[in-house]
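Q: In case it helps, TrEMBL gives these features for our protein:
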| type | residues | note |
| --- | --- | --- |
| SIGNAL | 1-25 | signal peptide |
| ACT_SITE | His64 | active site |
| ACT_SITE | Glu118 | active site |
| ACT_SITE | His122 | active site |
Amino acid sequence: MASNSATSLFLIFFIITQCLSVLNAAKDFDFFYFVQQWPGSYCDTKQSCCYPTTGKPAADFGIHGLWPNYNDGSYPSNCDTNNPYDQSQISDLISRMEQTWPTLACPSGSGSTFWSHEWEKHGTCAESVFTNQHAYFKKALDLKNQIDLLSILEGAGIHPDGGSYDLVDIRNAVKSAIGYTPWIQCNVDESGNSQLYQVYFCIDTSGSLIECPIFPRGKCGSSIEFPTF
């Protein structure tokens with residue numbers, strides 16, 4: 001009987017250890033995508049948009065998210081249901097987030113639903129890097145300050161004026177300014193024209209810009225619109 005009990009305990013311990021190993025492996029990741037979004041392109045679609053309850057955002061790229069990813073192109077998500085979004089942890093960041101991380105989804109909201117989604121889907125998978133929610137959101141805000149995308153593009157003569165620009169010129173302008181190759185994502189306007197939608201940057205687990213190990217899937221036209229907002 002003692003032998004059977006010992007064997008049972010060993011099996012239970014083995015199963016628990018394996019489950020924990022799988023759980024920890026699921027939370028590991030290789031790098032982040034830091035994604036900025038042009039509001040004019042979000043709104044200039046058949047779906048349209050709704051301004052946040054705080055009013056129309058500035059005509060500037062806004063943060064979409066800071067997303068842990070694997071080098072093979074897959075990504076972890078919703079890694080810790082025991083750590084839900086808690087706005088009280090980031091109360092000192094809210095004014096900055098309203099300005100640089102606004103929601104454009106309908107119906108109009110304050111941003112808390114958007115930020116909650118970003119934390120619970122993506123932020124919880126970066127708990128090995130960020131000790132709390134404040135650190136995660138602050139890092140994204142600091143990256144936005146570091147990469148002033150609109151100024152970079154306008155400095156290269158690329159303006160949100162509704163005109164069309166060569167995709168290669170947009171990519172090269174950003175790379176020339178930051179030293180690393182971005183990935184450009186396009187969407188289409190109501191007329192089906194390809195337009196500048198989002199720009200992806202790759203960040204290592206120490207928080208520094210790097211060359212992207214892999215780019216997301218998707219295509220843009222060789223010439224794309226940069227709509228007004």
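A Cβ is built for glycine as well, from the same backbone N, Cα and C atoms used for every other residue.
TrEMBL: automatically predicted annotations, no manual curation.
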Q: List the Cα distance (Å, whole number) between His122 (active site) and His64 (active site).
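A: Cα-Cα, rounded: 11 Å.
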Q: Hey, how far is Glu118 (active site) from His64 (active site), Cα to Cα, in Å?
A: 8
Q: Taking every protein chain in this structure into account, which of the active-site residues His64, His122 has the most other Cβ atoms within 10 Å of its Cβ?
A: His122
Q: Across all chains shown, how many C-beta atoms besides its own are within 10 angstroms of the C-beta of Glu118 (active site)?
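A: Step by step: centre on the Cβ of Glu118 (active site), count other Cβ atoms within 10 Å, giving 20.
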